[in-house]
Amino acid sequence: MNLIVFLIEEFNIKNIAAAQISNIVNGVVNMLPIVAAILADSYFGNVPVIAVSAFVSLTVQTNIRNLKNKEPSSTALKTDEDLTSNTWRLCSVQEVEDFKAVLRLLPLWAAVMFLSTPVAVQMSMTVLQALVVDRELGPHFKVSAGSLQVIVLLSGCVFIMLNNWTIYPMYQKLIRKPLTPLKQVGIGHVFTILSMAVSAIVEAKRLKTVDNGHPMSVLWLVPALVLVGIGEAFHFPANIAVFYGEFPESLRNTATSLTSVVIGISFYLSTALIDVIQRTTGWLPDDINHGRVDNVYWVLVIGGVLNFGYFLVCSWLYKYRNLKENDSTTRS
């Protein structure tokens, strides 16, 4: 059961507050991989960290079920014996270059963070919408409000396979060079913005059905979730490829965890954004039937467009360090 639904039904927490609590919990969970990655890179290696993480994950999941039923490695090169008495450790040229490489990725990292924040808001609002629509499919089946997010995962998985098997090879055959990771991220931006616009239109339509006694079918919520999944199929693997490929080799584990960190921060930002909207407008009352969630979605569309423009500037200025292309100096 989705945490939002669980909090509302089991603890009678108000809808918007439940969405914010859920986002905070998701933020905490998604921040944990960066800790494991730093430990793996700096101290213990991959296997021990994976083993401990698996044990902790299993323990936490078991406890939750019971409740519901009831410092980087030093690689500096010192070339002079006199430097050993210096209290400040001098960095090698390679370390300086690696640090500069990380700094160059920060603007792109910020763009990904502001891409994920609207999605976090959208997922929370979708659960609240699902609670007030007709979720019955036939006489014997009722869709769980919390299970709708599975559509994002399914569509994402399907399109990841389609991208790798058909779309990317076709693009490379037609254009005669591969679709770069940052271009893939840009496509993901477009699909995410489209999903927000579709959610806004569907919510406006749903509000018109509130008073006529014929609630909207839950199936109307599916297209926007499919678009989110398609967008994630483009930008999530591509972001991982960018960070993993462009980060220093000694920080590869940390690089792969950055996407999870972005998601974690985006959940915190989404909680703050929901709070600001609730305090400054009347769009998010506890009963969304008396609110304007569609306006919230349009705000997300505007923010998404602005962030997409920022991303285009950053990606155009960025030069790959390790991209294997015919012209390695080509901007993305």
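The backbone N, Cα and C atoms fix where each Cβ goes, and this holds for glycine too.
Predicted, not measured: the structure shown is a model, and the values here were computed from it.
Per TrEMBL, these features apply:
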TRANSMEM  34-60  transmembrane segment
TRANSMEM  108-131  transmembrane segment
TRANSMEM  143-165  transmembrane segment
TRANSMEM  185-202  transmembrane segment
TRANSMEM  222-244  transmembrane segment
TRANSMEM  256-277  transmembrane segment
TRANSMEM  297-318  transmembrane segment
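The transmembrane segment (222-244) makes contact with the transmembrane segment (108-131): 3 or more of their CB pairs lie within 8 A, with pairs spaced 6 or more apart in sequence.
Of the candidate ranges 108-131, 143-165, 185-202, 297-318, 108-131 contributes the most Cβ pairs within a distance under 8 Å of the transmembrane segment (256-277).
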